[in-house]
Amino acid sequence: MSNASLVTAFILTGLPHAPGLDALLFGIFLVVYVLTVLGNLLILLVIRVDSHLHTPMYYFLTNLSFIDMWFSTVTVPKMLMTLVSPSGRAISFHSCVAQLYFFHFLGSTECFLYTVMSYDRYLAISYPLRYTSMMSGSRCALLATGTWLSGSLHSAVQTILTFHLPYCGPNQIQHYFCDAPPILKLACADTSANVMVIFVDIGIVASGCFVLIVLSYVSIVCSILRIRTSDGRRRAFQTCASHCIVVLCFFVPCVVIYLRPGSMDAMDGVVAIFYTVLTPLLNPVVYTLRNKEVKKAVLKLRDKVAHPQRK
C-alpha cells in the first residue's frame, strides 16, 4: 500500500432506505443472519456425524455451508451496525482491507465451488456406474483445495489493485461494506488501469464459471431426458431447477454490479443483498434441507440428543 495514504478510516453510507425503517431492517436482517448461521452449522454437524452422508456431493456441500456461514458474517454484522447508530458506519482502513479481502476470497471460492458441484452432479447423473471411481476421495479433496486456492489468488489481486493507491481525501463509501468499485472512486490517483484489470479479472472468473455451470446443466438435462420414468425425470428436473435458482441469485447480481458499464450507484447495495444475504440463507434449504437423506439424518440427530441413552 502507498505511504501517501492519509485516510485512516472510512464511513459506510449503509443500505439505501427510508430513515424510519432502521429498526425494521435491523430486525429482519438479524433474523436472517441468525437463521443463516444456524442452518449452515446444522448442515455441517449433520453431515459430520452421519456416515451415510460421507459422499462427494455432501463433501462439497460442507465446503459450501462453511463458506456461506462466513461469507454472510463478513458483511451482515457490519451492516447491522450501520443501522443501529451513526458511529457504527465507521470502519478503520485496515479493517476495510480485511473485509474486502475476505469478501472476495469467500465469494470467488463459492463461485468456483458452484462450478465443481455442477460438474459433480453431471458425473453422478451421466455416469452413475463409474461415478464412485471418477470422484474418489483424493480427487474431491484436490478439487476443493483448488477452489480455495483460486479464490485466495483472485481476492489477493482485487485487494492489491484497490489498496495500493493513495487515499487522501473523501472517505465516504457508497455501500454497506468495503468493496472495490466504490472504494476506487475515493482514490487520489488515476484508477482507469485498476478498474480495467479488476473488470477483466472478475469477468473471466464469473463468466468462465457460469459458462461451465451452464454446460454441465445442459449435459445433465440431456441425461435426464433419457430417463425412462416420468417420475424420475420430474424429480431430477425439480432438483436442477432449485440449484439453478440459487446459482442465478448469486451470479446475476454479480454481473449487474461488477460487469456493467458505468459507475456504481447507491442502489447496487440493494442488489448486493441477493448474494450477501439471500443466497447464504437459501443454500441450506435448496441443497440439503429439501433432501430426504439429510432430513432423515436430522431426525436421527434429534433423537440422539433427546434420548442419548438409546442405542
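Along the chain as shown, the residues are counted starting at 1.
Placement of Cβ uses the backbone N, Cα and C atoms for every residue, glycine included.
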According to Swiss-Prot, do Ile47 and Ser230 sit on the same side of the membrane?
yes
Determine the Cβ neighbour count for Cys96 (disulfide bond): the number of other Cβ atoms within 10 Å of its Cβ.
24
So which residues does the transmembrane segment (237-257) touch in its own chain, when a touch means Cβ under 8 Å and the partner is 6 or more beyond its ends?
107, 110-111, 114, 118, 121, 181, 202, 206, 209-210, 213, 217, 220-221, 224, 264, 268, 271-272, 274-275, 278-279, 282-283, 286-287, 290
Segment-level pLDDT (mean, integer) for the topological domain 'Cytoplasmic' (217-236):
77
Among all protein chains shown, how many Cβ atoms are found within 10 Å of the Cβ of Cys188 (disulfide bond), not counting that one?
16
Verify whether three or more Cβ pairs under 8 angstroms connect the transmembrane segment (197-216) with the transmembrane segment (99-119), leaving out any pair fewer than 6 apart in sequence.
yes
